[in-house]
Amino acid sequence: MTTDSESLRERAAAALLAARDRTRLLTTCVEDPELVAQHSPLMSPLVWDLAHIGNQEEQWLLRTVGGRDALRPDIDSVYDAFEHPRAERPTLPLLGPAEAHGYVAEVRGRVLDILERTPLHGGPLLDSGFAFGMIAQHEQQHDETMLITHQLRQGPAVLTAPEPPAAPGISLPSEVLIPGGPFTMGTSTEPWALDNERPAHRREVAAFLLDTAPVGNGAYQRFIEDGGYEDPRWWAPEGWAQVREHRLRAPLFWRREGNQWLRRRFGVTEPVPPDEPVLHVSWYEADAYARWAGRRLPTEAEWEKAARHDPATGRAMRYPWGDEDPTPVHANLGQRHLRPAPVGSYPEGQSPLGVHQLIGDVWEWTASDFLPYPGFAAFPYREYSEVFFGSAYKVLRGGSFAVDPVACRGTFRNWDLPIRRQIFAGFRTARDAGPDAPSTL
Ligand code: AVJ
Ligand code: FE
């Protein structure tokens, strides 16, 4: 990556523009009443996300980086995610759709002017245009959140996208051996990496076997058909309690009709495709499936070693395929498609050891709690990551079809509560390799 300041500026401007194009799509494809409505108590009204995107941009880029006077300090509190849980956001004095669109456009106009005039060095917020990259990632993360809201929304389809590529008809081995030995986890050099991805540090990982691809719907159906949701042996106690309380028997959005499973996907009901990674399962469902299969979820360190460690050089790469930014041949990212791609669809995205689809398609639940790396320092604000550290949240890795490349890399960490099912999450499983397995180094 070049660090020439004009190209950094172009990169920042392009990232902001791409995020805004997507935000506009997600907030103009429905009528105004649908923007203001709350489609699920788990989500904000779309119009809250829209103005929250602008408010974060105002706070960080206009006020902090640009040193300009505040534009709408009166609305900071309404769009503070910590002051107001999602369920209560519809009752707040929100900007209406037209006002919210006008507000984000006004902020953006000033921010592009600031980007032109600001040196992209001289401190951690400015270096390599970090603050601009952080805000582009923030907007893209809310775009994914808004896409989840669209998936929860009732009514006919409003979003369309081309189908993902068909998988080449080659059969893959079911699992891949990842040799034991140390690797470098996290990063101290990726310019737009967020605080929780830092710093780079060595980790010892024992040899293990990892599924070549995420668990597919067909395999998950065998768990269901084998009585997986009726047998407490497979479930963590809290997971079993959730199964009982909500009478769970399949992933969210699935419905049984006769002897077929159907699912609703962005307003369309269709048969569940067996070769596609399973989606909309909680951490508890992933954990139960793995136990039923005689396996376990990979730890976060195992996942990252599989995704980044190059056994030929001993070096940690940015992505499974190398250091090159993702392109459409590498991974299903960026909402180009409105679904995960069949297993085996991205041979060019595989890791040196032959693990497929680590990046894109579905977020992958890991066994790990969301914890800071040794040497972690909150930056630029504690509420991005630090306040979430602890045992309440589980880490997800790899990004989904709904994640933009700007917010996806081998080091990127996402987290959520283990009960959550509306997010675009699936999983893959692992097992220990045992004492005779090979080791690097
Ligand atoms: C990293 C996806 C868990 O959406 O809650 C958005 C990202 N942080 N605004 C979230 C985020 C502040 C965050 N996740
Ligand atoms: Fe936010």
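Every residue gets a Cβ built from N, Cα and C, even glycine.
All annotation found in TrEMBL is predicted automatically rather than curated by experts.
Annotated Fe cation-binding residues in TrEMBL are HIS138, HIS142, and among HIS39, HIS52, HIS246 the one listed with them is HIS52.
Across the structure, HIS138 (Fe cation binding site) and ASP416 (gamma-L-glutamyl-L-cysteine binding site) place their CA atoms 16 angstrom apart. Every protein chain considered, the tally of other Cβ atoms within 10 Å of the Cβ of HIS138 (Fe cation binding site) stands at 19. For the recorded Fe cation site, residues HIS52, HIS138, HIS142 set the reference point as the centre of their Cβ atoms, and the other residues of that chain within 8 Å of it by Cβ are ASP49, ILE53, GLN56, GLU139, GLN141, THR145. Within the set of binding-site residues ALA87, GLU88, ARG89, ASP416, the entry lying nearest in space to HIS52 (Fe cation binding site) is ARG89 (CA atoms).
GLU88 (gamma-L-glutamyl-L-cysteine binding site) sits 18 Å from HIS142 (Fe cation binding site), taking the Cα positions as reference.
As a summary of secondary structure, the domain 'DinB-like' (16-146) carries 88 helix, 0 strand, 43 coil according to DSSP. Comparing ASP416 (gamma-L-glutamyl-L-cysteine binding site) with HIS142 (Fe cation binding site), their Cα atoms are 14 Å apart once rounded.
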